[in-house]
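Asks: Sharing a structure here in structure tokens format.
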Amino acid sequence: MIWTRKKVVWLVILVSLGVAIIVVVITVPVVLLVDKKSNDDPSYHNKANRPIRVVDDFPDPGLVHVNGTWYAYGTNAAADNPNVAHVPVATSKNFTTWSLLQGYDVLPTLSGWETNINHYAPDVIQREDGRFVLYYSGELKDWLRHHCVGAAVSNGTNPLGPYVPRNQTLACPRDQGGALDPAPFKDVDGTLYVVYKADANSIGHGGDCNNGKKPILSTPIMLQQLQSDGVTPVGDPVEILTNEKVDGPLVEAPDIIRTDQGVYYLFFSSHCYTSPEYDVKYAYSTSLSGPYIRAERALFKSGDFGLKSPGGATASVDGTRMVFHANCGDERCLYAAAIDISINHTITPAAL
């Protein structure tokens, strides 16, 4: 082949274009990765803000602080096992060192509507009379593998109970698959509420958490006002949030706090608890009943501080501390963390 000046020029152009394309292909993913990391708040790269693993096999924790002691209440330790505590409890004086009360059950007796296994996501609040109310998810005797929300009242003024369950469920929307994950809330005027998830994925069409196949059912988070006894509903519940496409099959594990600035924060988890996409998200509103504005970033997700599938969070009333679970081998362990709520409604991890 005879290389003319024209052919040489075209060869140089083609080679240059090829090199440019290769550079772009290699560089763009690197830039995107760097940008993705740099978009995170610096608090996620500060080791001092790392949540602390404090108790093994303690999912879906509820939280209350009484007379200088923290109490965490968890889902029972073994599925389908009637020989474990229905509602286990752990305590702490400093929020960093926790002790599981081995063998102790705050709910030793059960109501007639529930089975002896699979009690999920308990939480506690203190009434004006000094007694405590325990909210929990119990499995229905007449509809196995489906849950509803129960309530129990302490015999005295000890947050350890024991608690005596009410005869009837507190929330049980059977047309929505039942109810899960109750969390109490006291508003600034003293009015009591309980927030929970309508468990529609339990009647879904299969896939992730039984709701990954179309049509995807709504798993709304519901807000129910209560009388001062903490166990009697006032009016009908209202929906304050539901799952969107970005949430996968569901939203669940709601928890509400109110700041001194008059802003309500709703914490919740999305995706299936067995998925690496399970997380702790939050939304905010100036009205308890919403509408709630979702934060752009999850508060905790897989990869943050090495966590795997964090979820089921409960925040302290003052919005400075939080407990949640994350995968730890074949179990879900209790983690303790500090959080910081900024005036622009962004919540980030902080140092304990």
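From the backbone N, Cα and C atoms, a Cβ is placed for every residue, glycine too.
Here's the feature list from TrEMBL:
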{"type": "TRANSMEM", "residues": "9-34", "note": "transmembrane segment"}
{"type": "ACT_SITE", "residues": "Asp60", "note": "active site, proton acceptor"}
{"type": "ACT_SITE", "residues": "Glu252", "note": "active site, proton donor"}
Asks: Round to a whole number and give the Cα-to-Cα distance in Å for the pair Glu252 (active site, proton donor) and Asp60 (active site, proton acceptor).
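Replies: One finds 11 Å between the Cα atoms of these residues.
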Asks: Using DSSP reduced to three states, classify Glu252 (active site, proton donor) as helix, strand or coil.
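Replies: It is in a strand.
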Asks: Provide the number of Cβ atoms within 10 Å of the Cβ of Glu252 (active site, proton donor), excluding the reference atom itself.
Replies: 28
Asks: Output, ordered by sequence, the same-chain residues six or more apart from Asp60 (active site, proton acceptor) with a CB under 8 Å from its CB, or 'none'.
Replies: Gly74, Thr75, Tyr120, Ala121, Pro122, Asp181, Ala253, Gly312, His325
